[in-house]
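The annotation active site, proton donor/acceptor is assigned in TrEMBL to LYS71. Feature annotation from TrEMBL assigns NAD(+) binding site to GLY175, LEU176, GLY177, GLN178, VAL179, GLY180.
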Amino acid sequence: MRHEQATIRTGRRSGLPIIIAVHSTALGDAVGGCRMHSYPHLFDGLADALALSEAMTLKCAAAGLDFGGGKSVIVLPPGGTITGEERRRIFLDFGDAVEAFGGRYRAAEDAGTTAADMAVARERTAHVHCLPERLGGSGEPSELTALGALAAIEAVWQHIAGTPSLAGRRVTVIGLGQVGSRLARCLAEAGAELTVTDIDLDRKDLATEVGARWVDPATAATTETDLLVPAALGGLLSHDLVTRLRCAAVVGPANNQLTDDAVADELAARGIIWAPDFIVNAGGVIHGVLMDIAGGTRTEARTAARAIGPRLAGILRQADLSVTTPHAVALEAARGRVAAAARRTD
Ligand SMILES: NC(=O)c1ccc[n+]([C@@H]2O[C@H](COP(=O)([O-])OP(=O)(O)OC[C@H]3O[C@@H](n4cnc5c(N)ncnc54)[C@H](O)[C@@H]3O)[C@@H](O)[C@H]2O)c1
């Protein structure tokens, strides 16, 4: 394990396993969202927390934030929606688990959790962020995640076609949750010819609203398209899938898109640009850190999220110059910043 700490505790009210992983605090307290999801096994949840917290370290380092990487996972039993008192018990337990870290890990919402859930956790700890605006919080970070992802998509298209304009470009979005739905609306406004999917068929309404073509989730990734935008959960890009992709680039907000780092090389070998996910989806953590922790304004946070575009453009140029992948360039820079900070604190 390359992590500073990982804990699993059973919520005393909910009986559910709550996993918190702190990958690194070399740059500062660890920040990272709370994912609530149904996993086949507890250890799948642990593996997700470990991988996601490491990605948070890279994300903060690459975005120039003085924070480290952490992540929490609440492991749900299979099936069913959790609401009402049952949900409240889970997030009181979650607040206790976060409090046990004494501020070394600070949480906010992620896939499967909301600002309202964080407001419940706040009853047990001060170290949760992005509460609902009606309660004086900074609200859902997904708006800035979508804004940053849009800036990244435009930067990739500029790199490929010499223009950031997405008008008439074929863009396929996989996953229409908190981030994907907002991003799909932005892409529709930008004039993209949209194809969308989600395993939740209720999301077809959004497809109709934005004038997008709906495809089956099983075939969405291999649809012929200019830009493929993963906005669901991780692990989409496997060795097998890469051989079947029919796109010029993959650039989207989903965390941990690669099943392993070698997939980035295979994408490059096929001439497909892959924009490193931890660069593309930093808008959410920028929201949390700048607005909630540093007390900045929404305008400042939006400006910082838009800066993801130029940052990614620089990485793509550097990769071309060095004849390597954008993934290798981004990893080296982020790991270098963390290693330098660790040396200073030794
Ligand atoms: N919320 C944020 O601000 C934020 C920040 C950074 C990164 N991310 C990452 O972005 C991704 C989406 O986050 P979110 O907050 O929108 O989550 P969410 O849970 O709101 O949405 C995920 C959506 O993906 C759908 N989905 C799941 N599996 C699918 C599949 N196989 N095919 C198609 N659709 C599928 C779900 O039905 C859901 O609608 C996650 O990987 C998350 O970690 C989110």
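Glycine is no exception: its Cβ is also placed from the backbone N, Cα and C atoms.
Bear in mind that TrEMBL entries carry predicted annotations, made automatically and left uncurated.
Here the structure is a predicted model, which means the values were calculated and not measured.
All features noted in TrEMBL, drawn onto the structure.
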residue	record	CB count, 10 Å
LYS71	active site, proton donor/acceptor	30
GLY175	NAD(+) binding site	28
LEU176	NAD(+) binding site	28
GLY177	NAD(+) binding site	18
GLN178	NAD(+) binding site	24
VAL179	NAD(+) binding site	29
GLY180	NAD(+) binding site	28
Legend entry - Alpha-carbon spacing, GLY175 (NAD(+) binding site) to LYS71 (active site, proton donor/acceptor), which is rounded to whole Å: 21
Legend entry - LYS71 (active site, proton donor/acceptor) and VAL179 (NAD(+) binding site), distance between Cα atoms, whole Å: 18
Legend entry - Coarse DSSP state, helix versus strand versus coil, of GLY180 (NAD(+) binding site): helix
Inset, instruction - Filter the recorded positions LYS71, GLY175, GLY177, GLN178, VAL179 down to those with CB closer than 6 A to an atom of ligand 1; keep them in sequence order. - result: GLY175, GLY177, GLN178, VAL179
Inset, instruction - Taking the recorded NAD(+) site as GLY175, LEU176, GLY177, GLN178, VAL179, GLY180, identify the other residues of that chain whose CB atom sits within 8 Å of the mean position of the site's CB atoms, giving them in sequence order. - result: SER142, SER181, ARG182, LEU183, ASP198, ALA231, ALA232, PRO253
Inset, instruction - Could you say whether, by DSSP, the residue listed as 'active site, proton donor/acceptor' belongs to a helix, a strand or a coil region? - result: strand
Legend entry - Inter-residue C-alpha distance, LEU176 (NAD(+) binding site) and LYS71 (active site, proton donor/acceptor) (nearest angstrom): 22
